[in-house]
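The transmembrane segment annotation in TrEMBL covers B:28-51, B:57-75, B:87-104, B:116-135, B:144-164, B:184-207, B:219-236, B:242-258, B:265-283, B:352-373, B:385-409.
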Amino acid sequence: MTKYIRHAAFFCALLLAALLVNAARVQVFGSRSYDGNPANRRAAIARYGQPRGDILVDGLPVTGSRDSHEQLRHERTYANGPLYAPVTGFSSQEYGTTFLEHAEDGILSGSDPLLSPFPLYNDVTRARNPAGDVVTTLNRAAQEAAYQGLGARKGAVAAIEPATGRVLALVSTPSYDPAQLSGNGTTAISAWARLNHDPEQPMLNRAVRQTYPPGSTFKVVTAAAALDAGVIRDLDERTDSPDPFTLPGTRTRLTNEGDGCRDASLRTAFEWSCNTVFAKLGADVGAENMVSTAQAFGFNDTSLRIPFSVSPSTFDTTVDRAQLALSSIGQYNTRATPLQMAMVAAAVANGGQLREPYLVERTVRKGGETIATPGSRPPRQAMHPATAMTMKELMTDVVREGTGANAAIRGATVGGKTGTAQHGVGNTGVPYAWFVSWAQADTDLEPKVAVAVVVEDASADRGEISGGGDAAPIAKAVMRAVLGL
Amino acid sequence: MTKAGTAVAAAKPLTPAVPPPQRRGVELALIVLAVLLSVYGYCAVGLARTGTVPPGAAGYGAGLGVLAVLAHLAVRLRAPYADPLPLPIGVLLNGLGLVLIYRLDLETPDDPAAPAQLVWSTLGVGLFIVVVLLLRDHRVLQRYAYVSVVGALGLLTLPILFPAVNGARIWIRIAGFSIQPGEFAKVLLAVFFAAYLAANGKALAYAGRRVWFVQLPTGRVLGPVLAIWLISVGVLVLERDLGTSLLFFGLFVVLLYVATGRTGWIAVGLLLAVLGAVAVSWLEPHVHGRVEDWLHPLATIEAGRGPNQLAQSLFAFAAGGFLGTGLGLGHSVLIGFATKSDFILATAGEELGLAGLSAIFLLYGLLVARGYRAGLDLRDPFGRLLAVGLASLVALQVFVIAGGVTGLIPLTGMAMPFLAQGGSSVVTNWAITALLIRLSDSASRGQPDARVIP
């Protein structure tokens, strides 16, 4: 019997070995796939187990965290949700994250390894780091001025500092309060459904994720291309421009809203926004030069991150001469985000040098210790410095005595360009009102702000829609806020 | 040379036999260690959750300590030559189980289970003391073989009269208390099997025809085996309890093999077990579902119905990794239902890690090994079979439930010995420990085979 007892004992030892091997399989070798399973709530519990880091504007948090005492403990709160929604985005337990909440999630949620005091610290302690904060480049006064300026109208504002690329304001209206989506209960679910079915699309970030036909504001690019390419050498020399202008190779005749555009000089044509002159100018510059200048300003760039992605603005690269003529006055397939048009104004203001825009000044630990400063990226020459000087002169004229007079600020030099972009089938949609500008206070050494404003449905009851009438006052308010005038 | 050798040989029977070592001091030291470890775990839960030592820590430690010391005194008094390991292992596992249940109570404040478990543990240790004090010789039990089997069958069939709970008819509810009679039946069946096989082992060993490599048993003795198999399948079908059925049948096959040494029995046993399991898993949807879950634990997630209990259990084990999250810091409560009973091991796995889980498995392994040791040291066939049977019961039960919750075999609802919430189980396991203490004491004394049963 002794032999058989030993056999049975050996059998029990086999069972024990099987248990140990299987436990090692589940707990050590297979743990990664189980931990990563989307149905496993542990990652979410850990993620919301501590307060989320804050997003700071002018040194003050515009976000917060609320202890809900539920399984996913901490929920996001927003101090002034609709105002900053295009920057912060939302952080929802149900629907994930967007914009800065998404791009800087590692810092804000505490999962970024940069937050740990020294490498591999967290792998040993298995603890989560306290979340870090994200300091933005936003200017609170500019942001508020833009938001109040748009008011109940649908539109967007982007403002940047030309010398650095710091984004000073990023506003989109109508907006929404991202706090509605923070939780994971029925309120968040119904808010999500409501916001997504709202025909006004409040969650659409029009400043960076919506492209519009830039219309006449694109003439800044066309003029710069013509000057760079040497097609125009003297601002006041008469151009050989018929009015109406027949698009090359077609019978389509292009006209102007006002008179005095026939053979107008570049200065006059820019000041009074002559479509015929600029269409012909674009065709004369040629597709190659137009495309290279547009791309130098940032068009067709699919890789721009500020740090969240920006929809690429487009300038069609395969066009015939008629299409090129239309493209050159901001029509046909030319489309731009408000941020892109702010970049155009900024490049002019900064002597032809374009700085890529960025929103995050630096990321810091809870104690205020800096983790990283993404900061300014190397500049790129969008046009000759001489061309930029000339463009500044042209844009200044527009505000001083042309269509952009509403943007003039006492005590500052302001350059701008209006635009009224027709759209819709047969141009039946309410036109978009554009204004792009930059401003330099008399006491400053360089322009401090470049702005682009687009108003989509500029109050139809007010009749005429124009960049100068609807958009320029908003740009003015933003520029004044930045300059402190 | 020759003379001296003769003198030595002649003198040998005259020298008084060296008394076997008692090792009670070792036992006491290990008990103190077990109690301290449990109290440490209790404090660790509180420190992790609230940053303070739980208010009941001193009382908890004192309670567990007093129980353990009383059990130790009973052993010292009536089983001084017993193995020093089973009692400390029981105390440590029971104490750890209380810690885990207390820890899970924090997640379900409306449904505390630790106080009741402490009461059942007290009853269990009480039964341990009673058995050690009153059962002076294990061979007494041999006389009650048939009483045992009748009692066991009665206990097994009792729950059929009660409504099914969570798909299995294994509980009876009296005055708010849930009792699993099958737990008590295990010990009675082990006693019966040991007694029956000790008496009939030689007859059963007669070999029948030899087919290929396997020596088949004769048809005459196949009857009892078939009867037990039918009872197991009956339990399975009527109570929908795969685990208990597997446990009984496994116990019987092991004891049959140890008693007869016939591999043919194992072949027949395995064949019948596989036939029964396959047939029932086809016919019985409850069991069939368990097999499906085992084969595809994440299928419900892919089907969009969220993780099932087994998937949640695997998530918990995986979250533990090698060192665990620490007591009180895991999320095994996500398993939802039965976290404190069937799935208690998932909490241990998540919060103590593979290291802690392996330690627990090894504690069970040690307990089983000490049972087998007693079986080897004993001389009387009944005692040997009883020791092997009880040890195998623990081994099989640990394997069936631990293998189930870690996805090694299909999941069956069964209580992890000592750890899991469940009064019947704790009391039964203390009874098993008491019997092992008694058997090891007899083994150390080296009682002669021929001694008449008192």
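Backbone N, Cα and C atoms are what each Cβ position is placed from, and that goes for glycine too.
Since we're looking at a predicted model, the values are computed, not measured.
Within the same chain, residues 138, 141, 186-187, 190-191, 193-194, 197-198, 243, 246-247, 250-251, 254-255, 258-259, 294, 297, 310, 313-314, 317, 342-343, 345-346, 349, 361, 364, 367-372, 374-375, 378, 415-417, 420, 429, 432, 435-436, 439-440, 443 sit at least 6 positions outside the transmembrane segment (B:385-409) and bring their C-beta atoms closer than 8 Å to a C-beta of that stretch. Using the rule of three or more Cβ pairs under 8 Å, pairs at least 6 apart in sequence, the transmembrane segment (B:144-164) is in contact with the transmembrane segment (B:184-207). Ranked by Cβ pairs under 8 Å to the transmembrane segment (B:242-258), the stretches B:28-51, B:57-75, B:116-135, B:265-283, B:352-373 are led by B:265-283. Here the transmembrane segment (B:116-135) does not lie next to the transmembrane segment (B:265-283) in space: the count of CB pairs under 8 Å, restricted to residues six or more apart, is fewer than 3. Counting residues 6+ beyond its ends, the transmembrane segment (B:184-207) has Cβ neighbours under 8 Å at 141-142, 144-146, 148-149, 151-153, 155-156, 215-218, 221, 224, 247-248, 251-252, 255-256, 258-262, 264, 380-382, 385-386, 389-390, 393, 397, 424, 427-428, 431-432, 435 in the same chain. Within its own chain, the transmembrane segment (B:57-75) is flanked in space by residues 24, 27-28, 31-32, 34-36, 38-39, 42-43, 46, 82, 87, 91, 94-95, 98, 102, 118, 121-122, 125, 128-129, 132-133, 437, which lie at least six positions past its ends and keep a Cβ under 8 Å from the stretch.
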